[in-house]
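Novice: Encoded as structure tokens, here's the structure I'll be asking about.
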Amino acid sequence: METLDGVVVVGGGPVGLLTALKLGKAGIKVVVLEAEPGVSPSPRAVAYMPPTAAALDRFGLLQDIRKRAVMCPDFAYRHGNGELIAKMDWSVLSQDTQYPYMLLLGQNHVSNVIFQHLRELPNVEIRWNHRVEEVDQDDAYVTIETSSPGGTSRLRARWLAATDGARSTVRQKIGLTFDGITWDERLVATNVFYDFSLHGYSRANFVHDPVDWAVVVQLDKTGLWRVCYGEDASLSDAEVRRRLPERFKRLLPGAPTPDQYRVDHLNPYRVHQRCAAEFRRGRVVLAGDAAHATNPMGGLGLSGGVLDAEHLAEALIAVIKNGASTKTLDEYSIDRRKVFLEFTSPTATANFTWMKESDPAQRIRDDAMFKEAGTDRAVMRQFLLDLEKLNGRRVIEKKLKAA
């Protein structure tokens, strides 16, 4: 059996690769195990808030990511007919952060940037096509059994960072529950070539409608946009596809016909609000979607996952390199779980509820709230600065109080 005096990271998505990068830069030996043959080509998450941009800068990645990303100086709230409710301007935070903007880039491109940086670290190895089958641990090591095209193998390491997604095998194998709810609605993520800017759309838009609610964001610099909307969960994938021209005629500004846009990708999926009972059990520590899952309204899922990766790597470095107590990992677990339960999940839930609100009186109140935030820059600043809570213990309390 192979023994690693370091950390095994299970999951080769952006959260796992970021964790490996920070650990590797600290001189720790890391093996990343990923079931897929390479970086997933799916764009999936696309939005990165100011606290996340700051973290990416601390990882040494921001410059490379900015070269590929769409810079988003503002975002808009709209009615289903495209009418503007309010626009939020990130520049209102220019005195609070060096990163007064949102970045838009598919997580596959972010992962590829991280991967290129990892190739410079000889102490980090990525093993693609390695699927975790079993996890066991004792006081000194955690042992992972994997299957790959070459057969079954076993690897033991001092620590395991589980970043293997919402269906985490590691989380299941160590017996942690994943409590919460699955939303009734089925989300449909489509990537489409259509020029929303011709219709006055911002690069990021949240559409408020009881039926035709949606998120519309620019994915890259080629003219590709993400349109994410809701469908009845009882519909088959084929039925979702058949309904697409009808839905797009209502969802897209200008009521286009199919010959006026090109769909590059369509993915129906279910969304959840779930959280692991704890983020640490023995020598296994969870981060990202393996630890918590949220609906994508507001772009808080991967934004939080990036900060998980940074905090987890820092905790492991403190324990492994600096002789800190393993309670440091408990502190990580408690803090990041608190961030999700007290900020990320309630905020994403409120965003989702607002977008599909059907009560006319509540819709009027919601509109008034966002219009105030969109016209009063002091209110806008307070509204946007709240995202600093993604940082957990790093929240700049004096800024929040001064807002």
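Heads up, the Cβ atoms here are built off N, Cα and C, so glycines get one too.
Pasting the relevant annotations from Swiss-Prot:
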BINDING   6-35, 279-289  FAD binding site
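On this model, are these features tucked inside or out on the surface, and what's nearby?
Specialist: Less than 8 angstroms from the CB of L18 (FAD binding site) sit F59, I114, V306, A309, E310, A313, each of them six or more residues away in the same chain.
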Novice: Validating a neighbour-count step here. Other CB atoms within 10 A of the CB of F279 (FAD binding site): how many?
Specialist: 27
Novice: How would DSSP class V285 (FAD binding site) in three states?
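Specialist: The three-state answer is strand.
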Novice: Non-local Cβ contacts of G12 (FAD binding site) (under 8 Å, 6 or more apart, same chain)?
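Specialist: Residues satisfying the criterion: V32, L33, E34, E36, V39, S111, I126, W128.
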Novice: Look up G24 (FAD binding site) in the DSSP assignment and report helix, strand or coil.
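Specialist: Reduced to three states, the DSSP call for G24 (FAD binding site) is helix.
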